[in-house]
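Feature list (source: Swiss-Prot):
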type: DOMAIN; residues: 58-205; note: domain 'SCP'
type: CARBOHYD; residues: Asn39; note: N-linked glycosylation site
type: SIGNAL; residues: 1-18; note: signal peptide
Amino acid sequence: MHFQVILMMMWLWLEAEGGTCPTLYKRYSKHHTYCLHPNSTCKILTRGVSSGDKEIILREHNKLRSRVATGKETKYSLPKASDMMQLVWDDELASVAQKHADQCVFEHDCNDCRNVQNFGVGQNLHLRTSSAKFSDITWAGAVNGWYDEVKDFNKRQISGFIDGKGPPQTGHFTQAVWATSWRVGCGRSMFKDGNTFKDLYTCNYGPGGNMKNAIIYTKGKPCSGCPLNSCCGKACGGISYDGLCKMSGNTAPQYSPPKGFAFRCTFNGESDCATTTSGAKKWKTIKTLSGSFIGIVLNPGESSTLSFTVPFGVSDGSMCVESYYRKGPQVAGQVAAGNAVEKFGDPADPSFDYSTPLKESTDFMQFGVTLGWNTKTTLSVVFSVPPGTAPQYLEMKDISVRKGEC
């Protein structure tokens, strides 16, 4: 393999960069929240989250998530969860959340404005107001207030999230108990707005929840759907909670691979991931807290081809080739000019060539193509950037082949 492997430790890099706006954040949004200065029109009196606050935030979230997972939310008859993760603290999410709280605005920032490389990010907000300065901090009240939306929650959404905006509003509750969210980081600012004191609480979650049609949690025996590299409840030792899957260390959750694929590469060392490159040899495998992907950044006038050396095929009929990718300009707002193509070849016939282009998408997008043959086939990805444009990126993950149509 002719590409570099990078373990993503974004927060350490951010600390080294100090107050600058990281390149990746510039890619996600022209107005990434981390890159904003505090709002100069409001007078911030206190800000930040203490170590004691962190303990309260984690305790309150996990106590409530455990209540759902173990079937103890009997008042509203919620079923048990088999895959509810235990939340742990994330400094990068907290850093971005604090920058949001420093804006003194009780409104969500845009999804791209809070994204980090490890995952897409969800968000919950809480605001309290008073004519007098607050003398206490109410993280427990904020978290429990989000959870209290359970009273209006429609259980049918557990198997397919539809909408949390309401009325009545339930999106804070669904994000707080979204099973696959397992990292959280929060920020707080108390400020004066005219004659009113305001206290703004922001929590960011990764991977983010409230995805339309996605499962909020899987119904079943608690912990029966935990990641392979996690432990469950009291068996974990330390601070743990009944019915919650607990991760340790900075590694992505791993699950048993699904069966029935003729080819699958998730860029985690599988034999199907063997590749060669031609042109610009800049492909890098990035390991994040939500899995691995391969990516490249090309300057204007450059091109590169990534070729998978393991051919694939099925016994008869057609086959479906699926992949997830995202591509666009290295700086948000610049013109998207990268040309990406998936090329399919026949090892026995070098003259055979079938290609299909990849459209623009700044979020990972599922792409499937049905091949109307079953003979051995190879896959290459060709990426190029025309001269006179701006640098462009392409990232791909989870490439698979199965029998039948897409």
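Glycine is treated like the rest: Cβ placed from N, Cα and C.
Keep in mind that what you see is a predicted model, and the values were worked out from it rather than measured.
The average pLDDT computed over the domain 'SCP' (58-205) stands at 97. For the recorded site, Asn39 (N-linked glycosylation site), the DSSP three-state label reads coil. Counting only residues at least six positions away in the same chain, the Cβ atoms of Asp102, Gln103, Cys104, Val105 sit under 8 Å from the Cβ of Asn39 (N-linked glycosylation site).
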